[in-house]
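**Student:** Straight from TrEMBL, here's the annotation block:
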- Asp180: active site, nucleophile (ACT_SITE)
- Tyr313: active site, proton donor (ACT_SITE)
- His367: active site, proton acceptor (ACT_SITE)
- 5-115: domain 'Epoxide hydrolase N-terminal' (DOMAIN)
Amino acid sequence: MPSETPFQINIPDKKLSILRAKLELATFPDELQDIGWRHGPPLADMKRLVERWKNGYDWRKYEKELNQELPMFTRDIDVDGFGALNIHYVHKKSETVDAIPLLFCHGWPGSFIEIRGMLSLLTASSPKHPSFHVVALSLPGFGFSEGAHKPGFGLDQYAEVTHKLMIALGYNEYVTEGGDWGFLITRRMAAKYGGKHVKAWHTNFPMADPPTWKSPLSFLSYLLTPYSAEEKAGLERTAWYRNKSSGYFVEQSTFPQTLAYGFTDSPVALLGWFYEKLVIWTDDYKWTDDEALTWISIYWFSRAGPGAAHRIYSEVAGDFYNLGRTSYPTVPMGASYFPQELLLLPSAWLRRLNNVVIESHHKSGGHFAAYERPEELTEDVRKMFAKGGPAFGVVPGKSGYA
């Protein structure tokens, strides 16, 4: 396997200067009176963020913090039919020799930064909980990974490159955790490489198809069983997302190149598109301006450019709302439910066709659970693989304990 190369983020000064120059030329639209967030980020918020990004925000400060906190590397991974892609990833080993190898997979509009709050928690050694060797990649086209150069890079390819990264790192058997696209990708990995390589998978984005008449008993139970208060709230949240907050999905899955022109040329366009999601997809998370700008700057400075990451929608969208088109994984699955997630479906739907061994239901938290609620999500993962847990010892010789 090709060797890995240590990686440090080091954005050229010229790119910083270009960003400031573009922000200097920003032109803002007007705004309807008292519209609030109903049409998107308020004008006052956008002006404040642009001014901060232009004159007060210190990218070098946060670049240094990321370099110091996250052990990062790159490595070439061959993808069948697409050649070698240079993949960026975070890789931190626990001091526990028998720690469990765990792959963390982000989604959109996230990145490798989502592992930041969980990394030290997952790798911590203790007789009270399992410890993990953690790998968190930048998906191809995201962050500092090279993107695909031709169409057809679908879910199988994302699963392939991610799996091959784990194999290259010496983790022939491992477990996964993922949300958003990370759910779809790790699900495909569990179906395709489960048993031999992927020993179990956990998600904070538990999607499932509803029962149909093809499974008469499940369908009858679905018709006769009343929803709980939590399930009703979840279905209301799902309806809100589909009716009020999913327009981006249609555009990104049909004409991503159209958006790419705006995102690549205008940092204000990128900021508005992303800041909206950061705010309304979280559970009242208190973003600082610099925190949001760092998240968005990773996209602006990304290796493939700010117009590349959302191409995943056009390549993989067919799998998003039709899980049954491929086989269901049989390896143990864990699921965490957060009340402000975008799609919240009855947990019985998930258990119907998956080997769910543990569920956690939380009182708060949204779409970016790893970032919003790192302690809670870490605890869910620990419980799954802890002594006495339903997936303890699932990776042979890697109990997670000293």
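If you go along the chain as it appears here, the first residue is 1 and each next one adds 1.
Glycine is treated like the rest: Cβ placed from N, Cα and C.
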**Student:** Who sits close to the residue listed as 'active site, nucleophile': which same-chain residues at least 6 apart have their Cβ under 8 Å from its Cβ?
**Tutor:** His106, Gly107, Trp108, Gly110, Phe205, His367
**Student:** Take every residue in the domain 'Epoxide hydrolase N-terminal' (5-115), average their pLDDT values, and give the whole-number result.
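**Tutor:** PLDDT averaged over the stretch: 98.
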**Student:** I'd like the per-state residue tally for the domain 'Epoxide hydrolase N-terminal' (5-115) from DSSP, helix first, then strand, then coil.
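**Tutor:** Counting residues per DSSP class in the domain 'Epoxide hydrolase N-terminal' (5-115), I get 41 helix, 27 strand, 43 coil.
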**Student:** Which residues does the residue listed as 'active site, proton donor' neighbour through Cβ under 8 Å, counting only same-chain ones at least six apart?
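**Tutor:** Counting only residues 6 or more apart in sequence, the Cβ neighbours of the residue listed as 'active site, proton donor' under 8 Å are Trp108, Phe249, Gln252, Ser253, Pro256.
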**Student:** Looking only at Cβ atoms, how many others are within 10 Å of the one on His367 (active site, proton acceptor)?
**Tutor:** 26
